[in-house]
């Protein structure tokens, strides 16, 4: 970065140093094993449920395909953040260029909003399945799901793109050290040396407007669903519908509560250390990735049954594989 020109900076930093947890900078290598273990658990649990749905023809239905897509997004979110974090912890090489930083910022926020949009599509799917069960096969088709996923991706892009584009126009001349494990928007904006009121306003407005809109749509959908469920005469069908909706509502609560708690603490508890804020950011990004496959694997009866069958088959194969016995001394050559 160059120096001054007529009392002002004429250049800004084009690369940055990511310092994930500045309070424990000297001991950050100790964080490698906990976060590596977390990443491996996220990969294993999500991949196990995805494999179960993909390998069972009976699960090739819209609801299970949406669950698979949601878990795939979980894997992408964790992969966007954790490998780079682990690499920086273990090698101390944590410099990132501005284009890479903006690219990571876009990917993180896009995946977060895409995750929420999938939950909206799942709410619509359950609404049609429960309120219009006879017409469900002709309404919820593969073509409709593809269109809704395209719409979800477009909406996520339109939400995130303005924030990233505005960030790309900011001059960063205050420092080249980002006190965060990833290129989070406000962590990057703290390095600016100009007026960023527009960036703050757009970022906050986009987040609040879309969160409120999502909650209204989800509330309206599930209130109609629950109203229809309690009118079902069959006790077994009612119980199955409530169990399915319960799983979706648990996932919705996990995703939105973690996001909102992180935002609230960031704006209210300003006296908290940077490490605390960073830990909460990791919490809101990674908790859904860890919890979602457990919820769907344990609470969704059809997935749970196939998971149990898969694990029993694997265990049986392992137990029937007898190790080859070593030859006795009489059979040894020579």
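Every residue, even glycine, has its Cβ placed from backbone N, Cα and C.
Automatic, uncurated: that is what TrEMBL annotation is.
Worth saying up front: this structure is predicted, and the values here are computed from it rather than measured.
TrEMBL lists transmembrane segment for one of the ranges 281-298, 299-316, 317-334, namely 281-298. Within the set 101-124, 173-196, the record from TrEMBL flags 101-124 under the feature transmembrane segment. For the transmembrane segment (101-124), same-chain residues at least 6 beyond its ends with a Cβ under 8 Å from one of its own Cβ atoms are 16, 63, 66-67, 69-70, 73-74, 76-77, 80-81, 84, 145, 148-149, 152-153, 155-157, 159-161, 163-164, 167-168, 178, 182-185, 188, 210, 214, 217-218, 221-222, 225, 248, 251-252, 255-256, 259, 285, 288. Taken together, the residues in the domain 'G-protein coupled receptors family 1 profile' (45-296) have a mean pLDDT of 87 on the 0 to 100 scale. Within its own chain, the transmembrane segment (144-167) is flanked in space by residues 62, 65-66, 69, 102, 105-106, 109-110, 113-114, 117-118, 120-121, 124, 185, 188-189, 198-199, 202-203, 206, 210, which lie at least six positions past its ends and keep a Cβ under 8 Å from the stretch.
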